[in-house]
Amino acid sequence: MSKCFCIGIILNFLSVYSLQNPSNFASLTNYLQNKHNKISPPDNLIKVFIDIELVHINSIDELHQKMSAVVYMVEEWTDPSLSWDPSDFYGINHTWLPIESIWVPDIIIFNMLEYVNLLENIRMPVKIYFDGRVVYSYPALYTVMCHIEIERFPFDEQQCSFDIASWGYSEDKLLLNVSNKNYLKHYNTNDEWALKNVFVEQTSYEHEGTVVSEAKYHIQVTRKPLHYVVSLVVPCYIVCALSIAGLYARFSSRRERQERFTLGVTSILSMAVLSLVVSEKVPHSSLHVPLLIKFFLFQILLVTFATILTWPILKFHREAFKQGSKIPPEWAFKILLMQWKVKEIKEKYNDIKIQQKQLIKQGWTSIARRLDYAFATIFLFLTTAPTIYILLTCGERLKTQDYGGLLYEAEKI
């Protein structure tokens, strides 16, 4: 009995030693290399399963219409020529081989502009299981073409895609299957873009009579507009509001009014410079005008009209002190709801000549002042309304969490 027990212990020790012995893996490697032809694909239909994990969105270049992102790719397929019987190799059920030593499907991203293998200086192995399953995982930095919609800038939402397909094999030889799971456990947020959604679309396309299996990995993002609102919208509104207030404030002399006209022109130039900053950021498109550019153009036109309308008011002010001026027409008092002014002057002065003199002086002055108040109110309302809309929209965007419930879903995977 004791002999059997000792023999059992020795056999267990030898089996554990043999499993850990590197020579066993070396024997398996030699076996697979002799059996496998790295330039020949498997004979049967190759189903390639791809998992993509978005790690970080580096940047979205609106001007050149491209997106740069770091992703973690996992490709899995089955190659019968890489299978073995674990019992022939002391129970080894998986091993690793250099990527250069086996056949690999030619999976590429068709809309790729640039590719950086983050493990380029590292000899990357692939994991191979006894049933022929091959798992090839690697991190990479991809730059892909991305059509940028600028109509709602800076409240725009963009969708960029990775168009994944085989370069040389048709659908009847190589079939792609990309996972729909949202792998975002290692996602790092971007300062300018909030991740809205990621999803996969399985498609196929025909090229020169050959149907090719394709998968599109879509990334939906929303811009964080706070930077543009604080650095562009708010300064533009302040310049516009101050210029309108300055143009229609009460004045004491004709020279002061002329100086305020110069203020309006200066404000227009200031807003034009700010609009140039925006135009350098967005793509040069003739199809759509960005919302922020529309805002600047509206403010520039508003201040332009406000500046132009100071000239008739200046003319009315001059009439009050010009020799030979006539009494303002009665309809002007009615339109501006100033009939009481005529009655007040007539009741205050009994002499007709004095009445006419005061009607000329106070009448034109009152009309100019009333127009000042009216135009100031109208233009301030017109410049404030779109600014409030932009601020409210920005506030709603700030409440939106980055990638919403996607992270919660990813944690359950």
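Every residue, even glycine, has its Cβ placed from backbone N, Cα and C.
Those TrEMBL annotations? Automatic predictions, nothing curated.
The domain 'Neurotransmitter-gated ion-channel ligand-binding' annotation in TrEMBL covers 27-225. Residues or ranges marked as domain 'Neurotransmitter-gated ion-channel transmembrane' in TrEMBL: 233-319. If you look up TrEMBL, you'll see 1-18 marked as signal peptide. If you look up TrEMBL, you'll see 226-249, 261-279, 291-314, 371-392 marked as transmembrane segment.
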Contact ranking winner - 261-279, 291-314, 371-392 against the transmembrane segment (226-249), Cβ under 8 Å: 371-392
Beyond the flanks of the transmembrane segment (291-314) by 6 or more, those residues with Cβ under 8 Å of it: 151-155, 228, 232-233, 236-237, 240, 243-244, 247-248, 254, 257-258, 260-261, 264-265, 267-268, 271-272, 274-275, 278-279, 282, 368, 371-372, 375, 379, 382-383, 386, 390
Secondary structure composition of the domain 'Neurotransmitter-gated ion-channel transmembrane' (233-319) [DSSP: H/G/I, E/B, coil]: 71 helix, 0 strand, 16 coil
Local confidence of the prediction over the domain 'Neurotransmitter-gated ion-channel ligand-binding' (27-225), expressed as mean pLDDT: 91
